[in-house]
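As recorded in TrEMBL, the features of this protein are as follows:
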- B:76-258: domain 'ABC transmembrane type-1' (DOMAIN)
- B:16-36: transmembrane segment (TRANSMEM)
- B:72-100: transmembrane segment (TRANSMEM)
- B:112-134: transmembrane segment (TRANSMEM)
- B:186-206: transmembrane segment (TRANSMEM)
- B:213-231: transmembrane segment (TRANSMEM)
- B:237-257: transmembrane segment (TRANSMEM)
Amino acid sequence: MLNRLLRKSITLPNGRTVYEPRSFMPLYIAVALVLIYYSAKMTDFDFQLLVRRISEFFVILQNMVPPNWEYGSQLWQPLIATIKMSLFGSLLGAVCALPLAILAARNINKHAWLAALVKFFLSLLRTLPTLVVALIATFIFGLGTMAGTVAIFIFSVAYVGKLLYEQIENAEMGAYEAMHAMGMSTLQSFRYAIFPQVLPNYLSTSLFCFEGNVRYASILGYVGAGGIGLLLNESLGWRNYANVGMILLLLVITVYIIESISAYFRKKLS
Amino acid sequence: MNAIEAQLRKQPRLRFLHAVATTVILIIFFWSTSAIQFNKLTINGLEIAGNIVKGIINPDLDLLFNFTDKGVAYLLLETMAIALLGTIVGGLLAIPLAFLSASNIVPKPIAAVIRFMLIVIRTIPAVVYGLMFIRVTGQGPFAGVLTMSLTSIGMLSKLFADVIEDLDTSILESMESIGCTTFEKIRFGIIPQLTAMFLSIMIYRYDMNLRDAAILGLVAAGGIGAPLIFAMNSYRWSEAGSILIGLIVLILLIEYISSKIRAKLVQG
């Protein structure tokens, strides 16, 4: 009976019977639907309400145009502070990620326990929400860009570190082993055999991380971690949506420029 | 001169390029160091750091194992529900946008316009969306769901579009040559190629949404963020510790499960 349920039998023209395993797709879909149903119940999902009141969504948007152009001149400094914050955090984070990634890669580091420990440490860092890290950093370092930089640094270490060790573990080991056999130290062989292989991807990942961080840095101001987010929070608090529009416009342009530059270099690297 | 030396000489000389790149990076680095100031280091900063560590080591166990709707378990469940619905709604919205921004489906100018629109959607911080949706639905998890879905659109449609651009068109051509209709081509030629990758991308985004759910707490849009930030702002570290522990364990668990599922999906 169970056999019948799990497999579909097909009789071929030559009289032989073959079995096709049944797809579990209907079961998966049913589970997904149940989950969605209970999630919708839990979050008070109400489609009618959304349709009825969706016009309210555009009220704030309408107030944002036209943006307050005069406000723009006050924005340069915080904007540059935001960029500096994410630049410094990402750069230092990417540099610090390298030794950690080497320690975490099982094919370079022969101590299994140490590699597992570093891996666990990296995923622990990655699970800490950046916003929470920034909030904790403001308690320790005071309000300002320092707190944001620390939060971005921690996120970058974890993010670049994880992607980098995965790449190191997938690297071609032939040259590395040959160099080891010739009597080079682990670090020397890593430098000349593995590092050139992972370098383009390492740089590209770091650039991508920087891109994301510029975007993220604008939220960090919300908890007092400096940069343009601080002004955004202030303008939202005062319901001065023309100012918010100006901030968002400037942010979009900045992110677009940075993304284009970084996309250009990433394309060149690959 | 032997063959090895000849090969060595053939290597392109990149020393100048490397020197320029290094100088540029160093200049940028030193320019950005002004983001670092230790002068504001609050005097009791270290004490606070100690308190935080103490709070996380001694979490508020009553809160952690409280199964009413004030406890960590319920808040985590609510966060998961918000992230799930947000990802699904975002994914549904992202599919048409992804097709419109795939340069092998629509003309290049349209794709470029939609791509710029996606950058705009992605750049506007979640808090702004949160405030907009709270006008629509009032405070609560529903606003969180809508915010999550809007913030997910950017990344989802970008990654969906990449998958669409990698579609294997030779399958469609061979289907055409044996006389399949357009509907059959879509059903058996395109959808099977896309579903596994799309699902894998959505699961990845679910992971990220779970992690970003703390942001919703800033605008009281439901989930575990608000109690966490509230506890931290009033220095109740053991409470914050128990919420953080719950969140970290949940994220690690979900990450483990989702990476297993995604590996299975991608390998087929």
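Each Cβ is built from the backbone N, Cα and C atoms, and glycine gets one as well.
From a predicted model like this one, the values you see are computed outputs, not experimental measurements.
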Beyond the flanks of the transmembrane segment (B:72-100) by 6 or more, those residues with Cβ under 8 Å of it: 63-66, 106, 110-111, 114, 118, 141, 144-153, 156-158, 160-161, 164, 198, 202, 205-206, 209-210, 213, 216, 222-224, 227, 242-243, 246-247, 250, 254
Contacting positions for the transmembrane segment (B:237-257) when only residues 6+ beyond its ends and CB under 8 Å are counted: 51-52, 54-61, 63-64, 72-73, 75-76, 79-80, 206-207, 210-211, 214, 224, 227-228, 231
Outside the transmembrane segment (B:186-206), six or more residues from its ends: residues with CB under 8 Å to it: 83-84, 87-88, 90-91, 95, 152, 155-156, 159-160, 163-164, 167-168, 171-172, 175, 180, 254, 258, 261-262, 265-266, 268
